[in-house]
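> Residues annotated as coiled coil in TrEMBL: 244-271. Positions annotated as transmembrane segment by TrEMBL: 23-51, 71-96, 117-141, 209-231.
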Amino acid sequence: PLKSPGCFECCIKCLGGVPYASLVATILCFSGVALFCGCGHVALAGTVAILEQHFSTNTSDHALLSEVIQLMQYVIYGIASFFFLYGIILLAEGFYTTSAVKELHGEFKTTACGRCISGMFVFLTYVLGVAWLGVFGFSAVPVFMFYNIWSTCEVIKSPQTNGTAGVEQICVDIRQYGIIPWNAFPGRICGSALENICNTNEFYMSYHLFIVACAGAGATVIALIHFLMILSSNWAYLKDASKMQAYQDIKAKEEQELQDIQSRSKEQLNSYT
C-alpha cells in the first residue's frame with residue numbers, strides 16, 4: 001500500500017507554494033502606505049495649527065488652504081483603503097500564479113481569463129507606480145519647507161548670531177511658498193519669535209512626520225516596482241504554461257487517436273481471421 005505523506009512532507013509542500021516575493025512586496029507596500037497615510041494625516045493637521053497660530057491669524061486668509069488640506073486627509077483615507085485591498089488581491093494573484101506553475105502537470109489548468117487578469121494587473125501596477133512617483137515628489141515639498149524653517153532657526157541659535165542685533169533681521173516668509181496669500185497677516189516671522197515656533201511640539205512633530213511620510217511614499221514606490229517585476233514574470237510563466245498545456249492536449253489527443261486506430265486495426269484483423 002502507498003504510504004500517506006506525513007506532516008513534514010505536507011508542510012514542505014505548502015511552503016513550496018507560498019509566493020515569497022509577492023509576500024515581501026505586500027508587506028513593504030502595506031508598511032509604506034501605512035507610514036505615508038498615518039504620518040501624513042497627523043502632519044497636515046499640525047501644519048494647519050502652525051499656520052493658524054503664527055503665520056495667518058485671519059481665518060479667511062487660509063480658508064482655502066484648510067479646505068485643501070481637509071480634502072487631502074479624506075484622500076488619504078481612500079488611499080489607505082484602496083491599497084489594503086489591492087495588496088491582498090496582488091498577494092492572492094501571486095498564490096494563483098505559483099500554483100499554476102507548480103501544478104502545471106496536474107489537474108490545475110490556467111485559463112485565458114486568468115492570463116488576461118494577470119496582464120491587467122501588470123498595466124494597473126505600472127500606472128500606480130508612475131502615480132506614486134508623483135506622490136513621492138509631492139511629499140518631499142513640505143519636508144523642504146520645514147527644513148528651511150528649521151535651518152533658519154539653527155542659524156538664530158548659533159553662537160555667531162546669538163546676542164547680536166541682526167537676529168531680528170533673520171526671517172521666514174511662508175507666503176513665498178504660495179500656500180497662503182500675500183495679504184495674509186503676519187505672514188513673516190523673525191528672530192526670537194521664529195525660534196519659539198521651532199521649539200513648539202507642533203513644529204517638531206510635523207517636521208519629523210513629514211520625513212517619515214516621504215520615506216513611506218518611497219517604500220511604496222519600491223514595493224510597486226517589486227510587484228511590477230513579479231507580475232511581469234508571472235504573466236510570462238502563465239503564457240508559457242498555456243503553450244505547454246496546449247502542446248500536452250494535442251499530444252494526448254494524437255495518442256488517443258493512435259490507440260483508436262490500433263484498436264480498430266486489431267478488431268478488423270480478428271474479424272478476418
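Just so it is clear, glycine is given a Cβ too, placed from its N, Cα and C backbone atoms.
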> Restricting attention to the coiled coil (244-271), give the mean pLDDT.
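Computed over the coiled coil (244-271), the mean pLDDT is 71 on the 0 to 100 scale.
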> So which residues does the transmembrane segment (117-141) touch in its own chain, when a touch means Cβ under 8 Å and the partner is 6 or more beyond its ends?
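The answer is 36, 40, 86, 89-90, 93, 97, 210, 213-214, 217-218, 220-221, 224-225, 227-228, 231-232, 234-235, 238.
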